[in-house]
Amino acid sequence: MKLIGITGMPGSGKSAITKLAEKYKIIVVSMGDVVRHETSKQGLTLNPENVGNTAVKLREIHGNEAIAVPCLNYVNEKYKNEDFVIIEGIRSIYEVNYLGKNAKLDIIAIHSSPKTRFERLSGRNREDDSNDWNTFVERDERELNFSIGNVISLADYMVVNEGNYMDFINNLENTLKKIIKAD
């Protein structure tokens, strides 16, 4: 099995991979779902502060691989016979190292400017998103503290999502095809 990791700052367009994955019959597992599940399990409201604090606490208690370990265990239990599995939402270099030690891994980074991402998040209406600029900046700082900047800069592929949505989807699909073809 080969893992295709998707990384990018909140609102960059990481979830767009889901539609492409359906087209190519590739399973998508979201690392963010692991954190949101743990937040809910603790009886906390899903909002940027609680979800972010849960991610920090999980890493403090269980180490820097705290999200990657249960995510990969889940993939190995449920999807071990798949040729490809997409792991959406990789945040830290420790997660990359852990996943790369335990499976073949390529990373796609999706990049959008802060202004573009804020506009998207303000209109997305997901419980853990915010339409407040200061909360948005705090979330970005928390993500950067996880070392997501290192993951983005060391990614195998970079797709920019700043303009036309269909151009972005075409570029993302071409990148996905390169990875599939190379394997």
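Here the Cβ of each residue, glycine as well, is placed from N, Cα and C on the backbone.
Proximity of Ser12 (ATP binding site) to non-local residues of its own chain (separation of 6 or more, Cβ distance below 8 Å) is seen for Ile110, His111, Ser112, Arg117, Asn161, given in sequence order. Taken from Swiss-Prot, the feature ATP binding site applies to Gly8, Met9, Pro10, Gly11, Ser12, Gly13, Lys14, Ser15.
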Other residues near the ATP site, CB within 8 A of the CB centroid of Gly8, Met9, Pro10, Gly11, Ser12, Gly13, Lys14, Ser15?
Ile110, Ser112, Arg117, Arg120, Asn161
